[in-house]
Each structure stands twice: as structure tokens, then as C-alpha cells.
Number of protein chains: 2
Amino acid sequence: MPPSMQVPRQVRIALGDRSYDILIAPGLLAQAATWDGLPAAAAALIVTNTTVAPLYAARLRAALGTRYRSVHEVVLPDGEEHKDWTTLNRIFDALLAHGCDRKTVLFALGGGVVGDITGFAAASYMRGVPFVQVPTTLLAQVDSSVGGKTAINHPLGKNMIGAFYQPARVVCDLDTLRTLPDRELSAGLAEVIKYGPIADLAFLDWIEANIAALLRRDVDALAHAVRRSCEIKADVVGQDERESGLRAILNFGHTFGHAIEAGLGYGEWLHGEAVGCGMVMALQLSRRLGLIDEAFAQRVTDLIARAGLPTVGPALGAERYLELMRVDKKAEAGEIRFVVLEGPGRAGVRGAPDALVRQVLADCTR
Amino acid sequence: MPPSMQVPRQVRIALGDRSYDILIAPGLLAQAATWDGLPAAAAALIVTNTTVAPLYAARLRAALGTRYRSVHEVVLPDGEEHKDWTTLNRIFDALLAHGCDRKTVLFALGGGVVGDITGFAAASYMRGVPFVQVPTTLLAQVDSSVGGKTAINHPLGKNMIGAFYQPARVVCDLDTLRTLPDRELSAGLAEVIKYGPIADLAFLDWIEANIAALLRRDVDALAHAVRRSCEIKADVVGQDERESGLRAILNFGHTFGHAIEAGLGYGEWLHGEAVGCGMVMALQLSRRLGLIDEAFAQRVTDLIARAGLPTVGPALGAERYLELMRVDKKAEAGEIRFVVLEGPGRAGVRGAPDALVRQVLADCTR
């Protein structure tokens, strides 16, 4: 690995007048330059959660205090099971209680849940205020903070209520990954691994060679994983911001994964764990459709296992899986649409016979 | 008035790839051509309320039944006091219960509340599905259904949570105005009158000459009022979709009006009644700022009264008015921004000394 100072430290998301940069480096939270050039405003609101607040909120508040006259803070409960309207409304309550106007800048300090919910609050408060993503989990740094998908869950489906709404900047301070629990590190690696089979076999090789370094949190390995993941995501999102086609490939493993999350109850498995296991199912579906061979499916499955992720799904029953997947956002006229590998390194979206899906579920659940 | 068949029956909102037409004529609901060219989908969802459903839902359902495999319906409680998250969530519940996918087209059949709430549901369901405005009140036909402002209320402020999200079409069937209660007809006339002093003195002349015809629901007079109102709104929205400047002039009377609505409790006064009275206050503020003379202020106030609208506000107390107006979306860093007349036929946005606003409130409330 080259030293982290010599690699590019930012990735550009090119979306015309909604373009923005992803900054990736250790120590960014405390560096003044990190916050240069953001929209001017009288007030900022930091949205974080009970786990992250004691670790990083003071650092962010100090950095923002020199730039905004008032810096408010709202601390949400931690966990996917709180990604709902009640929690979202706490942000609106805070904004209105503090008299925040339509120039107020929101800062999402936390993982994917904080980022998704804060982004939707920013999209909706007074019909839209600016926001900045400050992801503190690997999963949020490599995936959820980038690309403008914001949402809350509905009891009948994950991320069903939300907006495409781009942040003004994404700040990935690699130091924040030091405090991440092992289980969440593994969950983040699921989304890193994802980019290999769908888009970049060289990156898949690299992850296989560096999985041990990633698991021991080598900062150069993490920097490369975050940067390359963001580059691939930036490329896809730049071509299809609102998921009218190509962007759906980023949901590899997510159709099965969302069913696991909803079926077990949100928060039981971490999102990344469900995606890891969902990828195993999507690999097997691709194999049964004759698109990839068993060797490739096994190779990626082995890597998922080495990352510390589950490769066998919960036994919800095939009918329950199918029912949950029919409300997936990719479904059309009741037909489930799966992201499959069209071959190693290439993905697409297809329907599949229920019988085949039942076979996959029988193989991959216990 | 020329016969309605000879005047242009549609107005274009020019917003690039978000452009759409407003159709204006009697009998549109039942005419097949009204619904040609909308996005293809398996399902449609009609969102309406308990007042409008028995009058027009069957007609719309029949028209849509030939175009969509399933036509679902959700009937909301009627009234501004229901423009909240609980009611919005009934739309999401219906969409998910029916397994509606991201191509589903929503139809907002009703007044401003149904349009605003359905528009926000369409903006947010699966991060955005198409929707069509089918306004059945004069207020919705001349103002709220056009231009893509969607929202729900928060206990601390009106329209605080929403999105800029354009409909695919607006269908103003003038026949629906026949069943409108007199009080709601007057409320709609407040928004019609608004366009005169802010943008078009010839239109103000025309409204003065035709107020009796409008009140007796002459269909040609209504057609002209709706069309000219939509033309002015289309022109303003085409220049400033997201209200970064010019568009704010369309909120003439609304800063005071929103305070009346919130102060009395939503639903006590109709939105148009509050706007009518709010315009009287805004006229007096403009006069006290030396921007218009008393004769012009009185001329417009007389027209508001002739339309059957209140011209004296409720005695909430000046401090309560000021407190409520500070959370207005136009406020910046705690300073209230008022839409005032810069002269007859021209509007702008300005701050004003609290003392002056107190004088206006003392003059205009009882």
C-alpha cells in the first residue's frame, strides 16, 4: 500500500449543479479546511445518536462553532429500528424549536441510519435545506452517505419513504473507524466486497489480498477501500442519479437482505450483515440462472465469510421471503426484480421464476 | 367574455424535463383525452376526501379504469387540521397494502389540502412516483395545484415539511366548482385577487368588473379567472421553481395569513380567508412603508370585502403574531421577511421594523 498522504484524498460526485466532493482521510473532523466553502448560514444542526455523540460530537461542534453563530444538536436513539417517522420528527421539532430558517445546514454525524434520516429531514424541512454527511461507520463511508438516497422505514418495507437529495459534501474521517465495534466493521465490509463482483474484479482481488489488513483496521487499507468504493459508486450515480436503470446494480444482495431485515425485525441483524448474506443468495440465484459458475459464487461467498459475515439466512420460510421481496422498490407490477451477476464483474436486473428463488432460499437458509 | 370554447384551454408550465400542462375547461373529468399521455403504470391511486369522494370519485375512477389495471382509492378526512403526518401516512399504508410499485400514479382529487398532502406522498413514496393534480376547489385550481409546492403542517408552523415536486399534469374541471360551498368560493377568490396587485393591474381591473359574475359562478368568468391566474403563476414558477427569489411574491398576504391560521388553530379559518385578511395587512404595511398610497390599499381591500372575505384579523395580540411569523419559511436569521407591494402591480420581499408591524396589527385586528 502507498502511504495515505500520496493517494488522492477526495472523490468527486459529478451531478451538474448538485455536484460535491467526498473527502477521505484521517483527522478530517478537526481540520479547519474540511469545512471551508460550505453554504453560509446563521445556524447549524448536528444530528447524531447516543453512541456517536459522546465520541465525536464535541469535536464537530468545536469545528463548526467558528463558522456558525449557533450550533444546535439533536441526539437520536441508535439503531435501524428507530429509522422511522417518530425519530425523524425529533429533528423537525428541534429545527422549529430553535427557529431554524431555510438556510440552516444539517450535519449527519453517525452511521447509515443517522445519514438516511438526516438527509430526508434536510430534503423535507421547509422543502429543502443543505446538509453534510459525516459518516462514522465503514458502511456509511463506502455506501450510504454517498449518492443522495435518503429515507425512513415503514412497517411494511425498508426505505419506503424518502427522497433523492444530494449532500453538499461527504466527510469520511478514517479516525472514526477506530471506535467501530467489530461487528459493524464486518457489516461495512459487506458493502465494500459488493463493488468487486458487480463492477471491478481487480478490486475483488485486492480485497481478498487485504481482508486481514482491513479487519485489523490498517489505515492505508481502509483508505484504499473507502476511496475505491466511493469511486465506483460515484461513477454509477453520476450516470443514473435517480435509479432509472444502472444504479440498481448497487443493490446487489439487497433484495434478499431487505427481506431478512424486515422479516427478523429491523435491528436484529445489521444492514450490512443482511446484505452479506443476501449476496450469497444473489450469487446462488445467478449461478442457477446459468450466469456465473459455482467456483466464482464460492469464491465471493468465502470472502464474505472471511469478513466475519453470516452466509446462511434465517429460516423465515420461502413464502415469507417472497412476500417481503414483492414490496421491494425494484418490483414491477408484482414481479420481484433481482440484481444478479451477468458474469463475474458485471451486474444487471432480472426477474426469476419463483421456483428457482425457492431453491435458492432452501439452499441458503437454516 | 368570449365563449369558453374559443379561449386557450391549457397553460404550460415550462420547467425543462419537469414541464407540464394545466388543462382548464368544463367536463374534463369525463373526457378520455384529458388522461392521454400520462405515464404508463399497472396501478393508480386516487387520493380524495370525505367531502369530494361522493361527488367526483366515481367519475374519475371510471375514466382511469380504462387505463390502469387497478385503480385504488384512499379517502382522507376533510380539513386543514388533518394536513399532518397521520393523514399522510394513510396514503403510504394504502400504497404498501396494495403492493403499489414505483411506477404507480397518484391522483389528487380535491382541494389544496388533498393536493399538498398527495404531492408530498408522491414525492416521498419509494423516493418519488408520478402524480396528477385534479383540483376541485377554486383555490386549488388557481394556486395550490400549480407549481409543485407540496407539504404537510407541523404543530409549530404551516407547510414546514414538504418538497418541491412537480405533477405530471393539472386537470381543472370547471364543473367541479358548481358544488363548492360559497365560503370556499370566496376563499379561492382571495388567491385570484392576489395576482392583480402583485403582477397585473389589468387583471385587477377585470376582477373588479367581474366579481359579481365570479360569485354567481359564471363559467366563462371562472374560466378566465383560472386561466389568467395560472398564466401568471406559470410565468413566475418558470423563472424561480424553488423560490430562491421572485417566487416569494406569490406569498403576498401569506405571512400574516399563516399566523392567523396557526394562531386560531388550523381549520378555524379557511386558508383563503386568512390570505384575504393577510393581504389587507400586507397592503397596510406597504402603505406605512411609503410604497403605495391609501387609495390603492383601500381599492384592493374593498375588492377583498366584495369577494366575501374577512378584512379584519382575529385579536391574537401583536406578540403572538410576531412569534408565529418568525417561523415563516421566508424568515432569515430571526428576521421576518414580508411580501409587500413595491408599487401598484409590483411586489418584493422586505424586512420591516417591529414597531411598524405592530401598528398594522393594531389597525387590522379586532
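Just so you know, glycine gets a Cβ as well, placed from its N, Cα and C.
Given the structure is predicted, the values throughout are model-derived calculations rather than measurements.
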TrEMBL has A:His254, A:His271 down as binding Zn(2+); which of A:Glu191, A:Glu332, A:Glu335 does it also list for that site?
A:Glu191
Binding-site residues: A:His254, A:His271 - member with fewest neighbouring CB atoms within 10 Å:
A:His254
Of the binding-site residues A:Glu191, A:His254, A:His271, which sits closest to A:Gly112 (NAD(+) binding site) by Cα distance?
A:His271
Zn(2+) site shell beyond A:Glu191, A:His254, A:His271, criterion: Cβ within 8 Å of Cβ centroid:
A:Leu139, A:Asp143, A:Ser144, A:Ala190, A:Lys194, A:Gly253, A:Gly257, A:Gly272, A:Ala274, A:Val275, A:Gly278
For the binding-site residues A:Asp78, A:Glu81, A:Glu191, which Cβ has the most other Cβ atoms within 10 Å, all shown protein chains included?
A:Glu191
Local confidence of the domain '3-dehydroquinate synthase N-terminal' (A:74-186) - pLDDT mean:
97
Count up the helix, strand and coil residues in the domain '3-dehydroquinate synthase N-terminal' (A:74-186) according to DSSP, in that order.
47 helix, 34 strand, 32 coil
Number of other Cβ atoms within 10 Å of the Cβ of A:Thr179 (NAD(+) binding site) across all protein chains:
13
Could you tally the C-beta atoms, other than its own, that fall within 10 angstroms of the C-beta of A:Gly115 (NAD(+) binding site)?
30
